[in-house]
Amino acid sequence: MYNVIFLGAPGSGKGTQGEVVAKELKLAHMATGDLFRKAIECGDELGDTVKSYMERGELVPDEITISVVLKHLAGLKDVTGIILDGFPRSLRQAEALDEALVQQGQGIGRVIYINVPEDELVRRLSGRWVCRSCQSPYQSGCAEVTKGKCSRCQGELYQRPDDTPETVKERLKVYFSKTAPLIEYYRSKGKLSEIDGMAEISEVTKRIISAIKCGK
């Protein structure tokens, strides 16, 4: 099974690219955000804990994230490969993933890092809207924001009070402090491909697919 990791800050477009590339290469797309949303929908203690972090715009702690993701991976059947979108986000998560994959006789084939300048990330995130029910994110100007409804669950869209440029910068600072070591971790293993996230969406997709195919 060929496993690919997508790394990129919030607002880098890795979720959109993950869905498109997974469809093109016939790989399963596993977005951590979707797994969290499913946990929230369950309404149990784990889901409530995840929801509290997401509503504050904070990263869900490692141990909770690892449990949610590894449980999902263990249940996957009849897939040729997986795109891991949003996981791992720290060295602790990366090590837990490596250990779990080794136990299954697998590994990571390629790591895609979508690089977008911080000022552009701040611009994108400051214009973000979120579904009040399932936490799906949308960008200002899109059809869903115009209608005020989530296309996934028809929930109400709103802007978080802490999605201001100042607060977004602080969140990105925390994100990069955890992710920078992760990028070097995979670079040292010869697995990392860095993609310019400022290119046209279709061009970014082409470069990602090329990097994945070259890595096989």
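Each Cβ is built from the backbone N, Cα and C atoms, and glycine gets one as well.
Just so it is clear, the model here is predicted, and its values are computed rather than measured.
Swiss-Prot annotations:
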- Gly11, Ser12, Gly13, Lys14, Gly15, Thr16, Arg128, Ala199: ATP binding site (BINDING)
- Thr32, Arg37, Glu58, Leu59, Val60, Gly86, Phe87, Pro88, Arg89, Gln93, Arg160, Arg171: AMP binding site (BINDING)
- Cys131, Cys134, Cys150, Cys153: Zn(2+) binding site (BINDING)
- 31-60: region 'NMP' (REGION)
- 127-163: region 'LID' (REGION)
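Taking Cβ pairs closer than 8 Å, the region 'NMP' (31-60) reaches residues 15, 18-19, 67-69, 72, 84-87, 89, 134-137, 160, 162-163, 167, 171, 174-175, 178 in its own chain, all 6 or more past its ends. Arg160 (AMP binding site) and Gly13 (ATP binding site) are 19 Å apart (CA-CA, integer value). Cys150 (Zn(2+) binding site) sits 15 Å from Arg160 (AMP binding site), taking the C-alpha atoms as the reference points. Neighbour counts were taken as the number of other C-beta atoms within 10 angstroms of each residue's C-beta; across the binding-site residues Cys131, Ala199, the minimum falls on Ala199. Comparing C-alpha positions, Gly11 (ATP binding site) sits nearest to Arg89 among the binding-site residues Val60, Arg89, Cys134. Excluding Cys131, Cys134, Cys150, Cys153, which define the Zn(2+) site, the same chain contributes Arg37, Arg132, Ser133, Gln135, Ser136, Ser151, Arg152, Gln154, Gly155 within 8 Å (Cβ to the Cβ centroid), listed in sequence order. The distance from the Cα of Cys131 (Zn(2+) binding site) to the Cα of Thr16 (ATP binding site) comes to 17 Å.
Largest Cα to Cα distance within the recorded ATP binders Gly11, Ser12, Gly13, Lys14, Gly15, Thr16, Arg128, Ala199: about 20 Å as a whole number. Under DSSP, residues within the region 'LID' (127-163) fall into helix, strand and coil as 5 helix, 11 strand, 21 coil. Counting every protein chain shown, 25 other Cβ atoms lie within 10 Å of the Cβ of Phe87 (AMP binding site).
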